[in-house]
């Protein structure tokens with residue numbers, strides 16, 4: 001009796017003998033095909049370009065500032081001024097007990113007189129301290145970014161030097177851009193990039209302190225990236241926001257103008273809820289915090305005062321607002337149980353078993 005696999009081997013024997021040769025040939029063909037195809041470096045180049053662009057472009061979001069550059073409310077503001085440098089330390093994936101302990105350590109630092117309650121004055125002092133941390137962080141980042149756009153290291157950056165680096169981050173050849181600028185030739189850029197360049201140039205000129213020389217020092221470059229560090233640049237940022245929101249051209253803002261929905265239509269109930277929250281939150285912010293004289297109109301001066309992160313009066317108002325959110329027993333102070341219960345407001349993460357954990361951490 002011949003086993004089936006023996007019979008099969010005898011029938012396919014000649015072909016089986018060719019198998020190693022065929023495999024070798026197939027491998028050679030695949031290798032040639034792989035080597036003939038150009039390597040895909042586009043994603044790598046894109047990541048590098050994005051990193052370079054992020055290093056030299058003014059950020060849309062400024063930690064510790066109430067409004068974004070586009071006039072939207074800073075949704076993370078309360079967490080930023082409560083956590084400071086610990087902003088990234090309360091991830092959803094973090095171990096809950098460790099997060100609760102960390103939150104109670106912060107509570108103890110805010111509670112200067114150790115009476116296990118946080119007053120508005122204590123919270124005000126803490127907000128100012130955390131805002132200063134964000135300022136220091138921005139200064140350190142700006143120093144690094146300044147070196148990236150100051151290739152000759154002379155301590156000054158011209159608009160043309162910055163323009164070369166910016167367009168290089170957009171994928172243009174640095175040498176070709178530099179040559180075109182030197183020869184006063186027209187640069188071919190798309191409409192969107194041209195618009196960004198024009199806005200950046202306006203901002204560059206504003207950051208150039210008198211006497212204007214169109215060269216930015218390291219300090220002026222900091223103001224260019226972070227307008228909250230300069231009174232003049234903060235005023236310029238406010239002017240830009242008012243210009244974007246002001247619908248009747250009177251250079252001030254009414255409630256309807258400030259709460260106007262962003263461009264876009266509501267397509268579903270979730271979108272409607274988001275838009276309803278947008279209106280409610282902005283109306284409350286306008287009436288309770290920005291419109292200081294409560295006349296229904298916000299001037300550029302009122303908006304500038306509201307956005308100034310180092311304004312102690314604003315810090316006190318924010319402290320009172322933050323306490324009011326969690327002050328369940330209405331004693332105008334924050335207690336450990338309240339901070340833990342409203343941990344999502346203070347840290348962005350919801351910490352469970354807050355009442356029991358008070359005894360654990362203390």
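Think of each number as a place in line: the chain as shown, counted from 1.
For all residues, glycine too, the Cβ spot is worked out from N, Cα and C.
The Ca(2+) 2 binding site annotation in Swiss-Prot covers 150, 152, 154, 156, 161. Counting Cβ atoms from all protein chains shown, residue 150 (Ca(2+) 2 binding site) has 20 others lying within 10 Å of its own Cβ. In three-state terms derived from DSSP, residue 150 (Ca(2+) 2 binding site) belongs to neither a helical nor a strand segment and is classed as coil.
The Cβ of residue 248 (Ca(2+) 4 binding site) lies under 8 Å from the Cβ of 257, each on the same chain and at least six residues away in sequence. Residues annotated as Ca(2+) 4 binding site in Swiss-Prot, with sequence analysis given as evidence: 246, 248, 250, 252, 257.
What Swiss-Prot lists as domain 'EF-hand 1' is 98-133. Secondary structure of the domain 'EF-hand 1' (98-133) per DSSP (helix as H, G, I; strand as E, B; remaining residues coil): 27 helix, 1 strand, 8 coil.
Sequence-distant contacts of the domain 'EF-hand 2' (137-172) (same chain, six or more residues past either end, CB-CB distance under 8 Å): 45, 49, 52-53, 55-57, 62-63, 85, 178, 181, 187, 189, 193, 197, 200-201, 204, 214-218, 221-222, 225-226, 228-229. The domain 'EF-hand 2' annotation in Swiss-Prot covers 137-172.
Remote same-chain residues near the domain 'EF-hand 3' (197-232) are listed as 57-59, 62, 64-65, 135, 138-139, 142-143, 145-146, 149, 155-159, 162-163, 166, 189, 307-309 (criterion: CB distance under 8 Å, separation of at least six residues from the stretch ends). The domain 'EF-hand 3' feature in Swiss-Prot is assigned to 197-232.
Taken from Swiss-Prot, the feature domain 'EF-hand 4' covers 233-268, and the record attributes it to sequence analysis.
If you look up Swiss-Prot, you'll see 278-313 marked as domain 'EF-hand 5'. The average pLDDT the prediction assigns to the domain 'EF-hand 5' (278-313) is 95.
The domain 'EF-hand 6' feature in Swiss-Prot is assigned to 314-349. Through the fold, the domain 'EF-hand 6' (314-349) approaches residues 76, 78-79, 81-83, 90-92, 94, 99-100, 103-104, 107, 116-121, 123-124, 126-128, 131, 288-289, 305-306, 308, 355, 357-358, 361-362 of its own chain, all at least 6 residues removed from its boundaries and within a Cβ separation under 8 Å.
The N-linked glycosylation site annotation in Swiss-Prot covers 40.
The phosphoserine annotation in Swiss-Prot covers 99. Note on residue 99 (phosphoserine): other Cβ atoms within 10 Å of its Cβ, all shown chains, come to 21.
Positions annotated as phosphothreonine by Swiss-Prot: 193 (among others). Around residue 193 (phosphothreonine), a 10 Å sphere centred on its CB holds 16 further CB atoms from the protein chains shown.
Within 10 Å of the C-beta of residue 217 (phosphothreonine) we count 17 further C-beta atoms, all protein chains included. Under the heading phosphothreonine, Swiss-Prot lists 217 (among others), citing a large-scale study or a structure entry as support.
Look at Swiss-Prot and you will find 265 (among others) tagged as phosphothreonine.
Cβ neighbour count for residue 299 (phosphothreonine): 19 (other Cβ atoms within 10 Å of its Cβ, all protein chains included). Secondary structure at residue 299 (phosphothreonine), as computed by DSSP, is coil. Positions annotated as phosphothreonine by Swiss-Prot: 299 (among others).
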Among 152, 250, 252, which are recorded as binding-site residues, the nearest neighbour of residue 217 (phosphothreonine) by Cα:
152
Give the sequence-ordered set of same-chain residues, not counting 150, 152, 154, 156, 161, with Cβ within 8 Å of the centre of the Cβ atoms defining the Ca(2+) 2 site.
149, 151, 153, 155, 157, 158, 215
Among the binding-site residues 152, 161, 257, which residue has its Cβ surrounded by the fewest other Cβ atoms within 10 Å?
152
Who are the long-range neighbours of the domain 'EF-hand 1' (98-133) in its own chain, taking Cβ under 8 Å and residues 6 or more past its ends?
64, 80-86, 89-90, 309-310, 312, 315-316, 318-320, 322-323, 331-336, 339-340, 343, 346-347, 349, 351, 354, 357-358, 360-362
State the count of C-beta atoms found within 10 angstroms of the C-beta of residue 246 (Ca(2+) 4 binding site), not counting that atom itself.
16
Using DSSP, what's the helix, strand and coil tally for the domain 'EF-hand 6' (314-349)?
24 helix, 1 strand, 11 coil
